[in-house]
């Protein structure tokens, strides 16, 4: 289960756990045919079109293999799909801790059990179809993948928070119907499913029901290009993994959501409907781990009201929560988008003033202190010079 990091309540508002990052070695693995060990690329090959691994019996998520393929050395890119899968599997098994390996295998068994029993209601929405899913304004932004095009279809309603129309009403209705069908299957089969995170008691992890590849393609083809333009400090390279789920609020569902940060570099939140009141999101500044519980400033206060079919895109470290849904039923698609490169680089950094409000305040404080200290030194030297001049003048007289 993915976690969110709940935060202590903030003075400005009444209203998952960020995992410890392990020190990772530079991966090397045998090609399986006696060749010297090959090293992964440091950055993904964006021009390479990776394979689909859905039909192979793998120990890890097929989308992980698809994402990892972009990092393969040039010597392997033209190998057969089986050879590439074998190389990547060997790599993952070699560098995954035993506990992680066991967790992954158990999760795979859990997903396989669901997939073998669950009968899809709308099979067509499990494959990304941009023309059927997306609003024309969102599709238009991708006629040319440029910053002016992206910004023309989005509103930066607050620094670092972008809102835009994304899904057609018909797609929202079909996805909601599919989720209701999932919940009926869970009830009828007396199954137990994992909830999206540690803070939501209701909702469905879409990846566990077969949406993994569709959502990863959504990240690769649409969210990642946008994020690299809008959030270059955390998405200088591709977003290479995700966690996608549905949350539900209202009667007999969750009521609100506490103050927290997401386990993501960039988060996409799309309201699917239905009729509801309340449920506004409140944001209170971007923070790194060190400053995650620091106070907010008045300039960091921003509230957002959901609109069905419309999305809000923000940094995962942008602290936020959801107020109570006072009537009706609200359902949202949440997509946590992650960058393994950024997470690795973050292990070696101490200053995040490029995006953390707390680090930025600390840096400004240090700069002010340095300027004041320099002024004091200059003033002291000027005073000493004046005293020397007065003493010299006195001696001369």
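Just so it is clear, glycine is given a Cβ too, placed from its N, Cα and C backbone atoms.
Residue 262 (Fe cation binding site) carries neither a helix nor a strand DSSP state and counts as coil. Annotation source Swiss-Prot lists Fe cation binding site at 260, 262, 320, citing sequence analysis.
According to its DSSP assignment, residue 330 (2-oxoglutarate binding site) is in a strand. As annotated by Swiss-Prot, 2-oxoglutarate binding site applies to 330, with the evidence given as sequence analysis.
Residues or ranges marked as compositional bias 'Low complexity' by Swiss-Prot: 18-27.
Sequence annotations record features per position, and here Swiss-Prot assigns domain 'Fe2OG dioxygenase' to 238-339 based on sequence analysis.
Summarising the annotation, Swiss-Prot assigns region 'Disordered' to 1-56.
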Self-check item: Cα distance (Å, whole number) from residue 330 (2-oxoglutarate binding site) to residue 320 (Fe cation binding site)
Solution: 18
Quiz item: Around residue 330 (2-oxoglutarate binding site), which residues of its chain at least 6 apart sit with Cβ under 8 Å of its Cβ?
Solution: 248, 249, 250, 271, 273, 274, 276, 279, 306
Practice problem: Have a look around residue 260 (Fe cation binding site) and count the other CB atoms within 10 A of its CB, chains all included. | Solution: 22
